[in-house]
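Here is what Swiss-Prot records for this protein:
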BINDING   CYS29, CYS209, HIS234, GLU238  Zn(2+) binding site
MOTIF     31-41  motif ''HIGH' region'
MOTIF     266-270  motif ''KMSKS' region'
BINDING   LYS269  ATP binding site
Amino acid sequence: MPLRVYNTLTGSKEEFVPINPGKVGMYVCGVTVYDHCHIGHARANVVFDMIYRHLRSKGLEVTYVRNYTDIDDKIINRANRDGVPYNEISERFIKEFDNDMARLMLQLPTFQPKATEHIPEIIALVQTLIDKGFAYQSGSDVFYRVDRFEGYLKLSKRNLEDMQAGARIDVDERKEHPMDFALWKGAKPGEPYWESPWGQGRPGWHIECSAMSTKFLGETLDIHGGGKDLIFPHHENEIAQSEAASGKPFVKYWLHNGFVNINSEKMSKSLGNFFTIKEILESYDAEVLRFFLLSAHYRSPIDFSDQNLKEAELGLERIYKALAGIYERLASGANTPAGADNAEFVEKVAGFAGRFGDAMDDDFNTALALGHLFDLVRVINRELPTASTGLLEQAKAEVAKMAAVLGICDSVPAAFLQRMKDRKTSDIEMSAEEIEALIAERAEARKAKNFKRGDEIRDLLLEKNIVLLDSAQGTTWKVK
């Protein structure tokens, strides 16, 4: 099936047809680098990394641009608070961001421009808007005339008059209209600045993205992405700037990811439920966090909680255990004739790529795609002892292709599972090896019908919050 995406601009799913056949230009708004990144940043960046991977898996040549906003009021305020130059703050948190994204296994974008490296392009774009009558100078500032652009608010489906009537906006004598926004800000004493035709100053937030996206991708982009919180005002203002300057549509497909809630409440610093990526990764493996973020459809809200992270951990372990089983079986050299393979397993393996691809082509439905993967894992676990080597190799290859699109299961299965065991036992007084030894002793006791000793071992482990799970495949354990 063809790839279909939900376009925020039209409010509907549309077939994705690149402007230039075989090539895709994608711009995603990056972070303002003044502090550590939080779980909301993690979701947006993991989502668009997944989209980038899927587009490339379909044979498309993708130019992916993700910027850094490295000059902004928040950066200046943080620098003043810490008593350091603004660029010391921005460079520090660019490195922090890059480290967070590497841990979450993001592929590098094609370009990662910084706003401060594109001041000439920004100044030229502001001048174009002034020349065309869409912007005006007021003192050392330059503002955009929102009522001059006919398509203003077409992305957010708002009404300018209603917004003006309902808004509590302080009167700003510098502006012609209360909703006009800054393209260029005159420098205040002690602030960083650049020379411009309007005096010393720095760019506004919105103009940076218009200038950088068009420099690297041209006047019309295939995809522009970001969180839903950016629809207004940021993306709305980007459209106004870019289309007024070029006279052409700015973006063909607008994609926006949903919010992250914390224990069913909106995340906010004021509620005290604000978590940085670094804080989360102190308690959970980075791959588990990535898996969790992809477990829901990217446009849906997702609820961050310890329970949901633990469920994601168990889900990822199920996949890795199935892969570990395949590796062990293949390493054993045992073989079964292909003709003896279970028909359901043959069908699940043969049809997996199509089902997974169809789910991903339906507006990047990772939740459905993972459902198909768990169907395959279930059959792998059941048929592992008797399946032919060829079918197991095929199953392993199919899972690897899926994993490459989602950016998961990149570790050696045994190493990942050991990492999980070590993490789980870090807060208890027993190592994974000691637990496994007791499980082996319990199995021998039960085999010898010494059920009393078996129960003693079970109870001993339970006292240390370790729960044993018996199944036909053997005994596993988890921390309560």
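Residue 1 is the first one shown; counting continues down the chain.
Note that Cβ sites are derived from N, Cα and C of the backbone, with glycine treated the same way.
From a predicted model like this one, the values you see are computed outputs, not experimental measurements.
Looking at CYS29, CYS209, the binding-site residues in this record, the fewest other C-beta atoms within 10 angstroms of the C-beta turn up around CYS29.
Per-residue pLDDT, averaged across the motif ''HIGH' region' (31-41), gives 96. Counting residues 6+ beyond its ends, the motif ''HIGH' region' (31-41) has Cβ neighbours under 8 Å at 68-70, 72, 74-75, 77-78, 89-90, 92-94, 96-97, 100, 205, 227, 229, 259-260, 262, 267, 274-278, 280, 304 in the same chain. Remark: GLU238 (Zn(2+) binding site) has HIS206, CYS209, SER210, SER213, HIS224, PHE250 as non-local neighbours, by Cβ distance under 8 Å and separation of at least 6 in sequence. Across the motif ''HIGH' region' (31-41), DSSP classifies residues as 3 helix, 2 strand, 6 coil. Taking Cβ-Cβ distances under 8 Å and a sequence gap of 6 or more within the same chain, the neighbours of HIS234 (Zn(2+) binding site) are CYS29, TRP205, HIS206, CYS209, GLY226.
Residues CYS29, CYS209, HIS234, GLU238 make up the record's Zn(2+) site, and a Cβ search at 8 Å around their centroid adds TRP205, HIS206, GLU208, SER210, SER213, HIS224, GLY226, LEU230, HIS235, ASN237 from the same chain.
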